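Have a look at the structure below, then the notes.
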Amino acid sequence: MQVQYDSSINTEVLKDKKIVVIGYGSQGYAHSNNLKDSGFDVKVALRKGSKTFSKLEHSNLPSAELEEAVKDADLVMLLLPDENQPDVYRQYLEPHLKPGASLGFAHGFNIHFNQIKPREDLNVFMVAPKGPGHTVRSTYTEGSGVPCLVAVHQDVTGDTKELAYAYASAIGGGRAGVIETSFKEETETDLFGEQAVLCGGVTALVQAGFETLTEAGYSPEMAYFECLHELKLIVDLMYEGGINTMRYSISNTAEYGDLTRGNRLITDDTKQAMKSILSEIQSGQFAKEYVDDCRNNYQKLHQLRDSHSKHQIETVGEKLRDMMPWIKKKPLVDQAIN
Ligand code: NAD
Ligand code: MG
Ligand code: MG
Ligand code: MG
Ligand code: MG
Ligand code: MG
């Protein structure tokens, strides 16, 4: 697998392009501001009547309503929640994009699962940062970046791959590394990572640990510090130097406990469960379940979000974090209301 950096990426192909970023949420905020600061011609497109217009007035980013912005765009980056993209594509992009224009995604879901079938005269590419939007912006301003995956689904003008690399570089990805993949590989691995490890796996592990301690009579504050707060310190070490560095840094006692107990939790059964989660992703079963729930007004998502948000680990955590005001950064939503 080849990793490309700014030194080998030519951004010339993006120089004369009118870029339109649709949406000003987590990714939209980061992409548009990074593109602007990298010197490219970028405009943010929003829904008619969107409250975000007033916020953009005070920035140096031009903005316009969707239909209007899209007409003379050379490159449109679609940065809305995945489940809202198909409607917006059908209503605003399909009828108005000029032939030979380029359509970009930050995740392969809609293309891979056939929720959007782009017009054949469009270039279709992906630049997927491997990190949250807010990090894409903060690392850029600090002089670094978030690694990006790029892929091409349709190439009409013959330079779509070059364009994808240039876009990745313009948002800061070329400082950290840009890797070529396919829509299929990005979609399936991204969904698996968030379900089995990063989000689903980690939150379930943290909650179960917290419950085990509190049910055994230990205080919720102790349980919070042990099972949630300290996680960041461990993950930071893994991020810096892999699992080896983390194990080097912890005490021998901790390391012995880690090496002898970890695989009693993550057993062959757990791995079997991971495999079945992966096959639900590959077969499209997960995508169908999710799309159905979106169409059903997110009934399941809202109900689960609501019940999990009331878990004791949240209430005790809120209290403890108030005592550590340095932890709290400015609210993430501050940059993303619409
Ligand atoms: P988001 O949830 O932050 O929302 C984007 C914006 O779209 C919001 O400001 C919202 O008001 C607006 N919006 C919603 N529906 C709309 C509509 N119908 N018309 C116009 N505007 C509408 O989105 P996000 O998390 O930035 O995700 C954007 C894309 O980036 C997705 O494809 C996602 O998979 C991908 N992605 C996200 C992250 C991340 O960190 N959030 C990371 C990698 C890839
Ligand atoms: Mg969200
Ligand atoms: Mg991801
Ligand atoms: Mg994802
Ligand atoms: Mg300890
Ligand atoms: Mg050690």
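Yeah, the Cβs are placed from backbone N, Cα and C, and that goes for glycine too.
Whatever TrEMBL says is automated annotation, not expert-curated.
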Binding-site annotation, TrEMBL, NADP(+): partner of TYR24, GLY25, SER26, GLN27, ARG47, SER50, THR52 in GLY108, GLY131, GLY133, GLY143: GLY133
Sparsest Cβ surroundings (other CB atoms within 10 Å) among the binding-site residues SER26, SER50, THR52, SER251: SER251
Residue, out of the binding-site residues ASP190, GLU194, GLU230, whose Cβ gathers the largest set of other Cβ atoms within 10 Å: ASP190
Close-lying binding-site residues around ligand 3 among TYR24, THR52, GLY133, ASP190, GLU226, where CB distance stays under 6 Å: ASP190
DSSP three-state assignment for SER26 (NADP(+) binding site): helix
Farthest-apart CA atoms of TYR24, GLY25, SER26, GLN27, ARG47, SER50, THR52, GLY133, residues recorded for NADP(+), distance in Å: 20
Cα-Cα distance linking GLU230 (Mg(2+) 2 binding site) and THR52 (NADP(+) binding site), given in Å to the nearest integer: 36
